[in-house]
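Below: one structure, written as structure tokens.
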Amino acid sequence: MENAFGPLPATRIAALEHLQRFVPKAGRDYARLRNYDLGPGGHAHVSMLSPYLRHRLVTEEEVLRSVLARHTAAGAEKFIQEVFWRSYWKGWLEMRPEVWADYQAGLHAAINRTKSESGLRQCWSDACHGQTGLTAFDHWAQELMQTGYLHNHARLWFASIWIFTLKLPWELGADFFLRHLLDGDPASNTLGWRWVAGLQTKGKTYLARPDNIAQFTERRFQPSGLATHAPALSGPDHPPRRPLPGPSTWPKDKRTGLLLHEDDLSPGFLFDAGLSPVSVAGLQTSAHRSPLAVSDLVQGFTRDALNDAAQRWQSRSGNNGGVHDTVTTLVTWARSNTLRQIVTPYAPTGPAAEGLNDLEEALHQHDITLIRPMRDYDSRAWPHATHGFFRFKEKIPQLLAAMGL
Ligand SMILES: Cc1cc2nc3c(=O)[nH]c(=O)nc-3n(C[C@H](O)[C@H](O)[C@H](O)COP(=O)(O)OP(=O)(O)OC[C@H]3O[C@@H](n4cnc5c(N)ncnc54)[C@H](O)[C@@H]3O)c2cc1C
């Protein structure tokens, strides 16, 4: 993926360099210009850090520290809030995982409909190939497929046109994003689409307006033929919140393996808590972001990111057992290293957590335990995702103070 700063390789070094180049712009420039989508190669007013943050090649805490070393909290308020949107969505979904299960069920139902409804199938295919005849929409579909990235404003416009102009099932659009976004993430994506559709903040929808698109694309696009109303979709009430897991620890005298996965490639907090593994391996689950084929760009970025992390932590982990995409080969890794336990960063609701559940069951038969400690950043932030972001954001000063910021 290229941006105004150059290519984005899936390595920690690239993530840190990219962060350093963006930091000077994270203050008032970001607040003033972040809504402008100037197209591929022109996304200089936003950070494009999301592929790195989504996989935690760089953590939210590191990004916040770098930004606050250069700007005041007031000066970088907008950027800091955006970083906390990610934490808010993750916490919200983690307390209501049924919303992810409902999305998956809705997606399967919509895919089934495309098998018998030829009009729907054609419209879906045109939208996914950027062949609807709506110039701006078609451009974004192709930008997404070619680069793995879309500006936030384009994501909003695209989702709105998908739902209210093309009248396609929202789950098919969310799935299109998850198959192509390098930052494709169960929480931010599902809840972002639900928000546009009026399912997340009940009754509040997002309507893509031609004048707004023209203004914030600097007249690259002046669309016509868009829906003029965005009636909220109907859906069930939010499920009740489930409690978040408490702190977890592990016996220090057992042979231990470190397992990395796509939701958290910064396991330093585990070493700080005394982790001393004899081997490190990676679990790749990006193919399970969708029941359909996930793009080569996404698969390649995730694999490179996992390999980079495994190589980085190898010197503190005995040996490098490689990156695996099946439970069977991971069990072989565990057994050949005579592991008694495997420690892995907590994975929030989504494909990595589902993969870890399967692994846990398979390991159980060999008397090997899987332990998933949560990092302090998540355990402090997530419990505040009880209501809307407005209430959550009041906790930001307290969350920053807890990090010493
Ligand atoms: C329909 C829809 C789908 C989306 N799907 C995803 C997704 O799959 N994965 C994903 O990471 N983000 C998703 N987003 C959120 C947002 O669009 C991206 O995080 C952001 O555009 C990433 O670009 P950036 O790093 O240049 O952002 P910047 O503007 O530079 O923001 C800095 C960081 O703040 C966080 N952030 C900013 N805006 C949001 C937001 N609205 N929600 C959550 N976090 C945010 C990201 O970590 C981002 O890297 C979606 C938004 C919408 C409207």
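Glycine too: its Cβ is placed from the backbone N, Cα and C atoms.
Automatic prediction, not curation, is the source of TrEMBL annotations.
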From TYR30, TYR36, TYR346, the one annotated by TrEMBL with PHE79, ASP183, GLY184, ASP185 for FAD: TYR30
Where ASP185 (FAD binding site) sits in the secondary structure, as DSSP reduces it to three classes: coil
Tally of residues which DSSP labels helix, strand or coil - the domain 'Cryptochrome/DNA photolyase FAD-binding' (79-216): 104 helix, 0 strand, 34 coil
Candidate with sparsest Cβ neighbourhood (10 Å radius) among TYR30, PHE79, the listed binding-site residues: TYR30
Secondary structure composition of the region 'Disordered' (227-253) [DSSP: H/G/I, E/B, coil]: 0 helix, 0 strand, 27 coil
Densest Cβ neighbourhood among ASP183, ASP185 (binding-site residues), 10 Å radius: ASP185
In three-state DSSP terms, the structure that TYR30 (FAD binding site) belongs to: helix
Surrounding CB atoms that lie within 10 Å of the CB of GLY184 (FAD binding site), all protein chains: 28
